């Protein structure tokens, strides 16, 4: 028998405000404490080169593992959410990040740091970031771009974290700085408590039928669709006791905008199945939804994943190597840290403006996204011309503005393109493939430096990846026509 525990306030439409702004605050803090500290790895990069006398390629693996796991662990995060719930998953992620930084303070080698500063914070970041992103999409629709931009602007606060990190390293050495980073990340435990579950009532109720379960869906584009989940032997979730008594079975309706909640923690934990057999059926249904092969038949999945993969690969190369390149040009490391600060300020402002403009719906969001990617590519191809501090600052300003513009639109563009697919599965699988590329990005850039003894090749590589990442969005109209021809 199905029972619902706890009282969840039902709504007939997405809030676009209210408690949703508390979710944005949590998402903002995730970007400040986790993503912001990830970006300050550029400063630790130089310190580790001196401390462990490693090559750029070897040390690049630390940042590469940290960055890629945030994406690669996407499917794992969805499974953990299904088991523990979104709030608990986020709290677990905060503890993992904290533990990673604390253990890293005892590091004696680069391989040790690859595990403690690469794997653990990367895995914890995946838990924190994906949960916050998915919950945000549940609370916002019309203001999704703006709310996401405000949340992601926290990443831009590296303009405070960069000099602060350098100050901590000078004052307490790199070991003390990592201990303090762990303490700071622990603040995400109470902020994760803000992740209150939400349930959106479906306007067109449709029950689970005898031949497979049919879920009423209202996607991001407000098109009514149906997701059919064929369970083992096409069986349905029924109250076995009620059925034997000859009473009608109960229907369960889930709106598509919140359909992932059915197999995510908040709703899953309120559904208690008394029969082990029925529990197995629901678990099987969840796994099939999580690894839904229908995504591989969706052209929009390929369009988004291609762009997401290459843009994330390109983004972390200049981020990690900017300070190191400034040092090779004879610029003092403290002055170089100001480059990161300026980039953080402008990226923050750019994200908020980009999100607000996109929410006006003057043109489709992916057009803005595509334009920013092209501009990022051109900027990085011109980066080797910046050989003095003023020119390097000019490059930093341009790149921060354009990067902030496209970063603010990743989640809104995903929601627009995923259509009938739930955000959790679409984002998780796309992130997995993107993470595989991000894993190789910084080491490749480091190898290029070790081979050429200049960072020019790294920035050329980043620029080419940005230009290639924009190509897939030119196929969106073609994919839309193909989709329309099937209906």
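Just so it is clear, glycine is given a Cβ too, placed from its N, Cα and C backbone atoms.
Since we're looking at a predicted model, the values are computed, not measured.
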Membrane-wise, does Swiss-Prot list residue 368 and residue 417 on the same side?
yes
Which of these ranges is annotated transmembrane segment in Swiss-Prot: 268-288, 373-393?
373-393
Are there residues at least 6 beyond the ends of the transmembrane segment (395-415) whose Cβ is under 8 Å from a Cβ of it, and what are they?
133, 136-137, 144-145, 148-149, 152-153, 155-156, 220, 304, 308, 311, 315, 318, 322, 339, 342-355, 358, 365-366, 368-369, 372-373, 375-376, 379-380, 382-383, 386, 423, 426-427, 430
Quick test of the contact rule: Cβ under 8 Å, at least six residues beyond the ends. What residues does that give for the transmembrane segment (373-393)?
307, 311, 314, 318, 325-326, 329, 331, 335, 339, 342, 399, 402-403, 405-406, 456, 459-460, 462-467, 469-470, 473
Thinking of Cβ pairs under 8 Å, which stretch from 17-37, 60-80, 110-129 has the most of them with the transmembrane segment (144-164)?
17-37
If you count every Cβ pair below 8 Å, which range out of 110-129, 175-195, 300-320, 426-446, 459-479 shares the most with the transmembrane segment (60-80)?
426-446
Given a Cβ distance threshold of under 8 angstroms, which distant residues of the chain, six or more beyond its ends, lie next to the topological domain 'Cytoplasmic' (359-372)?
142-146, 307, 402-403, 405-406, 409-410, 412-413, 416-417, 470, 473-474, 476
